[in-house]
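Enquirer: Here's the feature list from TrEMBL:
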- 1-236: region 'Pyrophosphorylase' (REGION)
- 8-136: domain 'MobA-like NTP transferase' (DOMAIN)
- 11-14, Lys25, Gln78, 83-84, Gly146, Glu161, Asn176, Asn234, Arg339, Lys357, Tyr372, Asn383: UDP-N-acetyl-alpha-D-glucosamine binding site (BINDING)
- Asp109, Asn234: Mg(2+) binding site (BINDING)
- 237-257: region 'Linker' (REGION)
- Ala386, Asn392, Tyr393, Ser411, Ala429: acetyl-CoA binding site (BINDING)
- 453-479: region 'Disordered' (REGION)
Amino acid sequence: MTDSQLAVIVLAAGQGTRMKSRTPKVLHPLGGRTVVGHVVEAARRLEAAHVLAVVRHERDLVAASISEQLPDVLIVDQDDVPGTGRAVELAVAALPAGFSGDVLVLNGDVPLLTAETLGDLIARHRETGASATILSAILDDATGYGRIIRGADGELDRIVEHKDATEAELAAREINAGIYLFGFAALREQLAALTTDNAQGEKYVTDVLGLLRTAGAAVAALPVSDAWEVEGINDRVQLAAAAARLNTVTIERWQRAGVTVQDPRTTWIDVQATLAPDVTLKPGTQILGPSVIESDAVIGPDTTLFAVEVGAGAEVKRTEASHSVIGAGATVGPFTFLRPGTILGANGKIGGFVETKNAVIGAGSKVPHLSYVGDATIGDETNIGAGTIFANYDGVNKASSTVGSHVRIGSHSVVVAPVTIGDGAYSGAGTVVRKNVPAGSLAINVSPQRNLEGWTESKRPGSAAALAAETANSPTADN
Ligand code: UD1
Ligand code: CA
């Protein structure tokens, strides 16, 4: 149900200098979404009446990425005044007239925060009636973070940025997580009082807390129980650490739901993937994007699936596959490359050193060895002989071929598209199928074989091959 009293502001305008990247920091990927994508997803799950995202650096890229994920988002452009305080000020000004509820401000670079933790924050804030409630964390190493400075009464007094802190303030281990819930009126009033009078010459949203306290308002900082939830991403060391942490959480969630993960250290599962009980993941497996793995499927070792559906009981080993469907009981691999649009029917097989693309392969059909199947539809219970190539490209245009059910394509055939091979047809080994083959016909077009007797002895006299041939052909040969 929509929370009409809630507006969420996602801060995503910063450059992320410490990433040293052409890609904006908030668009770096981890666990199947961008950094800011995780924040936007948490915001979406809160069902706030308004979600706003503030952008500036690489504005179009960041805005497009966020809008694609959350079409209802209101994009706010930050001007040349730097700082998180300015970003919030502009977003608050963009809120619809008449809004008077709570404003949740989320740093766009804190991706592991869960909607549950945010829900608790909102509930606590509304219970206590404070003007502001924020999340904090106790860290062993607080370097870089804003420090929570508590007064003699133990309540939050103000936040000091690392660069502005004194020696004594730097010793504080409680940090500001960059997650704030404000009453709208209190926030708007204090934003107007922000200055850029600090070490970085920026308007800090963190100063709103100290200003509120000075004005006599109630503010509270709630330490989270799991500090990793609020870790910010500022450089690539933190990015990798957060990705690893998210992966561990995701894997443990699936393990508790009945999935066997033989080697969690070398297994990666994106947040959008779903796995049924009794799936087994062998070492070196990546289940990426919105992949769906049904029960009793065995995936790996060394397999990467992106947006792939794997049916119950299927086996997929040493395979790279994307945007494909593998039917129940089917087998794929080892050393197999399924490109987008591959659909393998139940109990089918795509074997070693086979590449497929846009290929619909029916139930029980097999492409066991060393083949390319591109732009083809194959019926049920058909066998494609070793080394068969579906030639789908004449150098200018692509075309498709159709193969029926119960067909036997001989080894090393070339199926030159567009061509149709009827049910129950055969092709001889080495056939180049350029014309349609009616149902039940055998297609052959290789020329008859001639054997030139004695060729080696006469054309390669004295060679090892000639001597071997001479021995084999001598009347005393014992064969
Ligand atoms: C900020 C907090 C710090 C806190 C830390 C938690 C301030 C002043 N400091 O520091 O107290 O401990 O987060 O991770 O807020 N952004 C804008 N516009 C800007 C600048 C930043 O939208 O002008 C966005 C960034 O894209 C980023 C977020 O705000 O998503 C935080 O900015 P960042 O520069 O990373 O702040 P920190 O130095 O980490
Ligand atoms: Ca940060």
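Yeah, the Cβs are placed from backbone N, Cα and C, and that goes for glycine too.
Those TrEMBL annotations? Automatic predictions, nothing curated.
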Enquirer: How does the region 'Disordered' (453-479) divide up by DSSP, counting helix, then strand, then coil residues?
Expert: 15 helix, 0 strand, 12 coil
Enquirer: Near ligand 1, meaning Cβ under 6 Å from any of its atoms: which of the binding-site residues Ala13, Lys25, Tyr372 fit that description?
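Expert: The binding-site residues passing the 6 Å Cβ test are Ala13.
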Enquirer: Looking only at the region 'Linker' (237-257), what are its DSSP counts of helix, strand and coil residues?
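Expert: Breakdown, helix to coil: 20 helix, 0 strand, 1 coil.
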Enquirer: Please name which of the binding-site residues listed here, Asn234, Tyr393, Ser411, Ala429, is nearest in space to Gly83 (UDP-N-acetyl-alpha-D-glucosamine binding site), Cα against Cα.
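Expert: It is Asn234, whose Cα lies nearest.
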Enquirer: So if I take the binding-site residues (Asp109, Asn176, Asn234) and measure from each Cβ to the nearest atom of ligand 2, which come out below 6 Å?
Expert: Asp109, Asn234
Enquirer: What kind of secondary structure is Tyr372 (UDP-N-acetyl-alpha-D-glucosamine binding site) part of, going by DSSP in three states?
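Expert: In three-state terms, Tyr372 (UDP-N-acetyl-alpha-D-glucosamine binding site) counts as strand.
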Enquirer: Compute all pairwise C-alpha distances among Ala386, Asn392, Tyr393, Ser411, Ala429, the residues listed as binding acetyl-CoA, and give the largest one in whole angstrom.
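Expert: If we measure all Cα pairs in Ala386, Asn392, Tyr393, Ser411, Ala429, the largest is 22 Å.
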Enquirer: Pull out the binding-site residues from the set Leu11, Lys25, Tyr393 whose C-alpha sits within 10 Å of the C-alpha of Asp109 (Mg(2+) binding site).
Expert: Leu11, Lys25
Enquirer: Cα-Cα, whole number of Å: Ser411 (acetyl-CoA binding site) versus Asn234 (Mg(2+) binding site)?
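Expert: One finds 56 Å between the Cα atoms of these residues.
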Enquirer: In this structure, which of the binding-site residues Leu11, Ala386, Ala429 has the fewest other Cβ atoms within 10 Å of its Cβ?
Expert: Ala429
Enquirer: By a 10 A CB contact count over all chains shown, which of the binding-site residues listed here is most packed: Asn176, Asn234, Asn392, Ser411?
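Expert: It comes out as Asn176.
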Enquirer: Give me the count of other Cβ atoms within 10 A of the Cβ belonging to Tyr393 (acetyl-CoA binding site).
Expert: 12
